[in-house]
Amino acid sequence: MPKFIVFFRNITEMKYTSSKKDKLWTRCDKCGTILYIKHLIQNKRVCFSCGFHLQMSAFERLTNLLDLNSWQSLDSYLSAGDPLLFQDQKLYKERLKESQKRTHLQDAILTGTGCIENIPVALGVMDFHFMGGSMGSVVGEKIVRLIEYATHHGLILILICASGGARMQEGILSLMQMAKIAAALQIYKKSKLLYISILTSPTTGGVTASFAMLGDLIFAEPNALIGFAGRRVIEQTLQEKLPDNFQTSEYLLDHGLLDLIIPRSFFKHALIETLNFYKYAPFKSAGKIRLFSFNSFTLISEEIMRRFIAHNSFGTVSYSQIQNELSQQLQIFQLNKSSYLSLNNGRFAKT
């Protein structure tokens, strides 16, 4: 099997692998309830008692979001070097090898393409278990290559963030990735394509200050820690006590920095509803293709249109049909958005 193809049956095997193979139980970080790991994984790592969202691996997120066997990895061979010959209590190279062995990842992100309800997307998933999800030169390079691939192929871009920020072991090289990714996103947005940013706990530091908050749509999980500097640092700087829910996704939603908070169980459904609005959308690639010209549809739209025509007895399709479909989807989405908000104001806001 080629290395760049990762099938979900292999992902399922890998996600159960742990440095402690006999570990059967874990504790909820919020309420302290003892949880059976196998049942917790089946519940998408959401606590049965309080609804707290525990951290997930990148492989688990792929399994929960994408259609079966649709994942194709990009640049999976890239791994970090040690340009600064950094050493603290351990050599940087040793830390990398330990994280690679424990997580089965080359670095703190998986990038590739897949389908969500038959809609192709370019997807990047960060993994906090790999050195705290820190952003080094390889993470930055893989994200930029993914953005460029999405721009060239006209794909919707989704980035799932889980990071402690820039990787200190790479110094200024890690900080440079912030501007590098932001520049690539600017070119992507000029192509009139959709970028969805999904914030999980924690999303902090240089990741928050760069691509995490640049999405056209910014979604988050309930009670996620999202911020730049640490709480104590801000309190010492301002010389005042911050609210208890400061730097949580609920706090950011109330202050207009997020579009929606969605419980993990509903995330795939919410993404499907969102993507359905844009699957027919034409795009203008860097100003070189005229809008509504023969080649102005994205590859997503072309594939959807082909399938639509193939199942249409007359072999034709009109924009009025598309408008009617999107109008119905909009009504459903508005109803479901109200449901998500009511969940946020109820059980999930309290966890």
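A Cβ is built for glycine as well, from the same backbone N, Cα and C atoms used for every other residue.
Automated prediction, rather than curation, is the source of TrEMBL annotations.
Note on TrEMBL: of 28-50, 74-96, 120-142, 304-326, the range annotated with the feature zinc finger is 28-50. Look at the binding-site residues C28, C31, C47, C50 and count other Cβ atoms within 10 Å of each Cβ; C31 has the fewest. Mean pLDDT of the predicted structure over the zinc finger (28-50): 92.
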